[in-house]
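Beneath this line is the structure, given in structure tokens, with notes to follow.
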């Protein structure tokens, strides 16, 4: 009975050795043609290390390795919810998600200390890693397109949550003024930074500190002096910013329902409610009540209304004060946009960042081509080294507010004289719109919007991008705010004539 005697000899071995021997015996019986019978058993019985013998077989080692790797990854995923545990695990280094950081900050409230917005945080990887499959330029384009669709198609709650950078101890999500700008204006990450996106989704890691330029303007009507914007104030500002600058006077006439040259609080609230019904992000809040974000209250009950009508709401708002406020609000948003691109706080932005601000409003079908033209600025040293000041940035933005007459001037000149030169462009801006554009601004614009690279401006493409930005910020629905103010202007003229 050789098998029985062999079993008895094996039973005298330690339990671990017996287990490995049984595994080996099963493998030997199953594949006797491939492995000599004497080799494995002899090695074990002769006192050789059973683990080494098993590893030489290969399958058990792979099985154990797989379990170990899976357990390690599972532990990493579980522990990624705690910044302390992760930093300790990797020697104290900060970890970010695939999405990379939003915008690092130099001011205010630290967002890195805020609580995560999900019970299941995403697996994190080292921030600013050069080992991503796709380069930063490609990832910026992907995130930019996503954020643009988010602004135009998502409900206001989602837009607010994505771009807001502050969460209080009570769980309320708030915005800084720079967050408001990014939620409304399509912007690229600054070219002088390593950033690839402007916000983050629920469940992702907090992006650390967000860069936010301080805003004295928003502090004027900040009741609690924290410099932060609530969701109801966000809806309020989005609605006001949808009014074109050329329609400020028309807007006031619409507010002044009794035609006495002043606006009281009830008139203001009535027309604001109507305006929200014409705005895509405000349409869900026509009744003035906030839904979502676990908050309740009227959109009109905020610091701005108190700024307009006093604490008791009895003061009247005059035309001059309203018009000045609207112009200051528009200018402040422009300043925040410039500060966003002025990443190194030099008081000027690069030619590339200025070009990015111009093409950011382009539709998706034209964006890639325009971005290629922006990237080609680096091939021309005199363009690459140009810097644009805040004054030049504002002067170019004025063209958007006077796009109607400027468009007519460009098309009329093009039909009469053919190609449009830089001198013609500058003269049209000066004589028709009263705007003085610098040579640097015009040269960058001609380079970016020269579709066939013949040295001339593609007028259609240039004007289409400028017009699209105005439309995207307004985000009208149904007839649209432009029609709304047009009808209001006709009504006010009829009232005046009668």
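Glycine residues also receive a Cβ, built from the backbone N, Cα and C atoms like all the rest.
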- Of 233, 245, which does Swiss-Prot put in the Ca(2+) 1 site with 222, 224, 226? 233
- Message: Need the DSSP three-state call for residue 450 (Ca(2+) 3 binding site) to compare against my parser.
- Response: coil
- Note on the structure: Of the binding-site residues 224, 226, 450, 454, 461, the one whose Cα sits nearest to the Cα of residue 256 (Ca(2+) 2 binding site) is 224
- Task: Would you list the other residues of this chain near Ca(2+) 2 - those whose C-beta lies within 8 angstroms of the C-beta centroid of 256, 258, 260, 262, 267 - in sequence order?
- Result: 255, 257, 259, 261, 263, 264, 316
- For the binding-site residues 256, 262, 267, 454, work out the Cβ neighbour count at 10 Å and name the residue with the minimum. 454
- Query: In which DSSP state, out of helix, strand and coil, do we find residue 226 (Ca(2+) 1 binding site)?
  - Reply: coil
- Helix, strand or coil at residue 233 (Ca(2+) 1 binding site), per DSSP? helix
- Note on the structure: Other than 450, 452, 454, 456, 461, the chain contributes near Ca(2+) 3 (Cβ within 8 Å of their centroid) the residues 449, 451, 453, 455, 457, 458
- Task: Sort residue 461 (Ca(2+) 3 binding site) into helix, strand or coil using the DSSP assignment.
- Result: helix
